[in-house]
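Record features (TrEMBL):
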DOMAIN    35-606  domain 'Choline/carnitine acyltransferase'
ACT_SITE  340  active site, proton acceptor
BINDING   416, 420, 421, 422, 423, 424, 425, 426, 427, 453, 501, 552  CoA binding site
BINDING   449, 451, 462  (R)-carnitine binding site
């Protein structure tokens, strides 16, 4: 939703003289409320309401019977609800472990495109290797500056609507990595404990390097020192015919798990892989992208951030299991890609905003040039079997690359200042425009997912704002109907945005329906009882088949996050509303004949403009 985040320092805890405040994070976390289990009857009523605009009357009648059965006193629903309530009493967060497993670690599709979001940063004005490496050095220094705040626990707490938020995700994004497993992956985190990571991984021409980023006295390397080290890396990785070992991380998780075990049989390989996994983050120095015209440039960069452009371009210049990978190409295009399991977008963007601000600062000190050791090149022994795994991964990846249709649209006509001037939530306005665009394209509404932050609660992740509502459908149906006056349409528009605002508030307070229903379903599995009919119903399948998967990720930086669709016939839509423009990234699959990212962008633009005209031509109503 769009509760804007504000930074405020911790209440009474003043930084000590040392600037290090051990235990402060713990104190803050323990003061946060636990995620509630919503009342059962409330969720079931809201579920029926959410189904109304997306399924037929006949299907709805059938589901009403199943709900009536499920909610009977002493029935299966109550039993499962009690189980959830017991779980909530004995855990820090009844949902977080389940969610991590079902949404991420047990998900078997490749993380590339299907899970990991990318971020497109504004094009930098360097044009050569010198500029690329200087920018990379400055960026690394910015990352280390942010890391100091995390390590010292001096990161300012974020607030949403006056409430402090869980800061746990910030402690998970550096020095962490996903490890493939045959049925379920896991995450390792080297941020805590005695053996803290002191290095980052740098990749250039498919070759990996361990770059120590701290001096022996514990102080971070300066931009000058980092630049020198990056130059050494560059000059010792000029060969362009190396095996792209990183391509293995793009494969289906089961295939990658097999290849991973195979790879690690060799001692040298194992050491190299562990070095990547333990690193603070990865910096990818990419080859320039093929030259394209200005208007499709940003869309091409989005694809580079999501998948690297294929095995012939930069896809081998990655380790996709690494939580954070910063990407800097010779031609000035840059951004990042992150593995989604440890964190949502906002903490990533907060880190990014910090780094971007940092890179703008003038350099304070020219460092004394103490000779630094040569960064260590990571070696890999490629057996015929591993070579075969790489070839298979390349083929699968290239199919995925060809299939992804991604479009970055900068909507220049207005930004969030306009809906605000009409006293409408910008997020609700944009979501309603998406509903209108989809309805005009397809003639019906669809299940729509918008992520809502649960960070008001300890270890909170997300729940779903269901943007398709009875009110949104009424509005989109009226919009192009000749027998409705502009005033009626405008009233329906305002009512629909109001309904969205209310759903958002409900969701961030832990009262949405999707995670609760999932919890009841997982509780049934855990209790080894037969699966309730409610979850075997077509309506439940329709309700969770999100043709529109959307997220607002606001940033100070003029960037945009992007991710793939979550269903084969759907769209992935991410947006960053700035004051006077809105950045959108829209993705779809070419293998689906019914979806097209550019067409969606066109309809979305028209919807936004039509909604503005409608509001401007009607007085603010008496709603």
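Heads up, the Cβ atoms here are built off N, Cα and C, so glycines get one too.
Any TrEMBL annotation is an automated prediction that lacks curation.
Cβ packing within 10 Å was compared across the binding-site residues 421, 425, 451, 462, and the lowest neighbour count falls to 421. Neighbour counts of Cβ atoms within 10 Å were taken for the binding-site residues 423, 501; the minimum is at 423. Rounded to a whole number, the distance between the Cα atoms of residue 451 ((R)-carnitine binding site) and residue 425 (CoA binding site) is 16 Å.
Spanning the listed (R)-carnitine site, residues 449, 451, 462 have a farthest Cα to Cα distance of 11 Å. Same-chain neighbours of the (R)-carnitine site beyond 449, 451, 462, judged by a C-beta within 8 angstroms of the site's C-beta center, are, in sequence order, 450, 452, 463, 464, 465, 549, 551. Residue 462 ((R)-carnitine binding site) and residue 340 (active site, proton acceptor) have their C-alpha atoms 12 Å apart, to the nearest angstrom. Overall, the recorded CoA-binding residues 416, 420, 421, 422, 423, 424, 425, 426, 427, 453, 501, 552 cover a maximum inter-Cα distance of 25 Å. Taking each of the recorded positions 340, 416 in turn and counting other Cβ atoms within 10 Å of its Cβ gives the largest count for 416. Ranking the recorded positions 340, 416, 423, 501 by the distance of their Cα atoms from the Cα of residue 449 ((R)-carnitine binding site) places 501 first. Across the structure, residue 451 ((R)-carnitine binding site) and residue 421 (CoA binding site) are spaced 25 Å apart at their Cα atoms.
Here the Cα atom of residue 416 (CoA binding site) is found 27 Å from that of residue 340 (active site, proton acceptor).
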